[in-house]
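Feature annotation from TrEMBL assigns domain 'FeoB-type G' to A:4-172. For A:222-245, A:282-307, A:327-349, A:361-389, A:401-421, A:466-483, A:515-539, A:559-583, A:595-616, the entry in TrEMBL reads transmembrane segment.
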Amino acid sequence: MELSPLVAMVGNPNAGKSALFNALTGARQKVGNYPGVTVERHSGRLALDDGRAVELVDLPGAYSLDPSSPDERVTRDVVTGTQAGERLPDALVVVVDAANLDNHLRFALQLIALGLPVVVALNMVDLAERDGLVLDPAVLERELGVPVVPTVAVRRRGIDVLRARLTALVGGTTADLRRLRPSDGSVDDDIVTLQRRARAIAAAATVSETPVRRWNHAVDAVALHPVVGPVLLATLLFVMFQAVFSWSQAPVAWIESAFAALDDVVRAAMPDGFLRSLLTDGVIAGVGAVLVFLPLILILFLFILVLEASGYMVRAAFLMDRLMAGVGLSGRAFIPLLSSFACAVPGIMATRTIDDEKDRLTTILIAPLMTCSARLPVYSIIIAAFIPARQVAPFIGLQGLVLFGLYVMGIVGAFVAALALRRTVTKGDSSGFMMEMPKYQMPRLGDIAIGLWSRAWIFLKRAGTTIALTTVILWALLSFPQAPAGQKQAEYSVAGRIASGLEVIVRPIGFNHDIALALIPAMAAREVAVAAIGTVYAIDDVEDTRGERSLVDNLRGRWSLPTALAFLMWFVFAPQCISTIAVTRRETNGWRWPAFMVGYLFATAYVMAGITYWLAVFAGL
Amino acid sequence: MTSILTLETLPRHQPAAVDTIDWDRLAAPEARRLRELGFDQGVAVEVLHRARLGSGPIACRIGRMTVALRRAVARSIRVSTATLPAE
Ligand SMILES: Nc1nc2c(ncn2[C@@H]2O[C@H](COP(=O)(O)OP(=O)(O)O)[C@@H](O)[C@H]2O)c(=O)[nH]1
Ligand SMILES: [Mg+2]
């Protein structure tokens, strides 16, 4: 098979490689994996001006050809032609940030020295201009000896010229004759020499320059202020969690009524029987119970994506570094941990930016303790059923306070776990914290929309497959065999008998038969617990043939308060999420760490739920 | 007057240049990152922010870039304020 020429986008982190890649390839891109490592390979097709097609790959950002993370290693190996499963690129698009030439040119010089055909994209010229920096691309071109194209990736400026230069470059005569210079990995002295040369070139190419980014510094003066900064961060987080609940109320109600209407339609259209029960009690009840949380998840991700795209997230990491250092982590861990409030899966994937291995592992192991959105269904239904909607102070309701307490519990648990892990299984020198703080930017609507859509899609797929399937299986296991008169279906059925076995173990921490039953399918995902309990009561509730009695009423009638509290505490810790376990396995390359994670979290969940139950019992609740 | 300070103690917003870096006091990956971020003799630096009085990381400007680093690292970067033209 004739492979089309390969062109790789390379450059420092945040140079705008991905933005440029998107501008060049449009929507046609593929995400794969490099063999043996957990580094994603983003590729797409680009039609050159003469009609030929090339494959474009967006390589992970790096600072030099001397890798310090798996991502950077892939970048080096691809551009030196030593990456398994990848051919040597026919040309490189070296992306540099115009406002940061001193630094980005150094890596560019290293890349140019490799000998592959190169075109330099002088990106972010808009931001450079905003900062009062005027550059002369012709000088750069002369000094570097390769074509230089000024671009603004996010506004598609310069894209056509870039494509024209690439067309001339790919398959031209210059390519194959030059030899690659092997990188020996010991480029320390080189770096200093290159850096000096980079600075000299940058100075030569600078036409005029006014002092840097006044505007940025003014914002930072507030955002990073020793007192105001942390207050601002706390306020932002508070507003974020507040918004998650208040903005979501209306859409949640719409989804609920849509499912109720669907339920009515099915009940009216079908005769009473197994199929109807499967559809209403199984599929509609199960998927509906989970889907109502889509608005919450989207709002949470909206905030996280905006904070990330605006450049604020790194400032938050800066502010949090002191605190994180206290438990043996670094400020870098803050970003993955904050994402884990939405979902631990992207959170754990975001740990890839942590270069210290021990640091990264610890962050992965505690990420599931952040209260992810899948716990919200569980928390909110139990709180609605058992915690009175009373005001304890102006603007502070008891229900909200309990919810807040559960979040705090998770955070405290995570910090204690980090402390303990750093002294035992992930012992090692405390790692450093050194990062570049990107410029503030107005987040772009399109990027945010794409980010949200991909999160929504993952969630919908999960609701449509894993969760629908587990609820249907549970429904089947609960419905057969049919209990004779006088016996409870939830105890007589196959699922009931399995649960009776588990009940022996969880009885000491106050869990009843229904909970034991719900815990098993909830292994797939926490929110299934709610769907499962809903299904149990829907099937079991003989008086309520029309599905009218609410889950809340059922819970109130059947659970004691200590049991409900223990159940809440259980979910603060229990690692009941297949996706989290799977992503941990992928990110740590084996079963050892996910097994450890599941073990320590279940043990903690059991102990903490037990303590909660017995304390509540003795307190006479 | 030539005064030698470290980046840790350099007053905020005082223009300075990197004098020498005590590479031996830094862990190898830290030293490399520092080089990659452009720290080198003669480069202009400025302390922009300190996360908290007494402890916590420091944000500084190097070239046209803002970089956050911990105090322990900043301590091994000696800076001088005299090599710059007076402002
Ligand atoms: N103003 C402006 N922003 C840009 C430009 N190119 C990229 N960005 C933004 O800079 C940030 C980093 O870009 P990204 O493509 O993710 O960088 P990468 O790390 O090199 O892939 C994103 O928020 C982009 O939207 C540009 O030319 N002008
Ligand atoms: Mg990128």
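Glycine too: its Cβ is placed from the backbone N, Cα and C atoms.
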Seminar exercise, completed: Answer key: the stretch among A:327-349, A:466-483, A:559-583 with most Cβ pairs under 8 A to the transmembrane segment (A:515-539) is A:466-483
Problem set entry | Non-local residues, at least 6 beyond the ends, that sit with Cβ under 8 Å of the transmembrane segment (A:222-245) | 296, 299-300, 303, 307, 312, 315-316, 318-320, 400, 407
Exercise. Should the transmembrane segment (A:327-349) and the transmembrane segment (A:401-421) be scored as in contact, given a threshold of at least 3 Cβ pairs under 8 Å and pairs 6 or more apart?
Worked result: yes
Seminar exercise, completed: For the transmembrane segment (A:401-421), the distant same-chain contacts (Cβ-Cβ under 8 Å, at least six residues beyond its ends) come to 241, 327-329, 337, 362, 365-367, 369-371, 375, 379-380, 383, 387, 392, 568-569, 572-573, 600, 604
Problem set entry | For the transmembrane segment (A:361-389), distant same-chain residues with Cβ under 8 A (at least six beyond the ends) | 289-290, 292-293, 296-297, 300, 328-329, 333, 336-338, 340-344, 347-348, 351, 354, 397-399, 402-403, 406-407, 410-411, 413-415, 417-418, 421-422, 426, 525-527, 529-530, 551-552, 555-556, 559, 561, 564-565, 567-568, 571-573, 575, 577, 580, 584, 587-588, 593, 596-597, 600-601
Exercise. For the domain 'FeoB-type G' (A:4-172), what is the mean per-residue pLDDT, to the nearest integer?
Worked result: 88
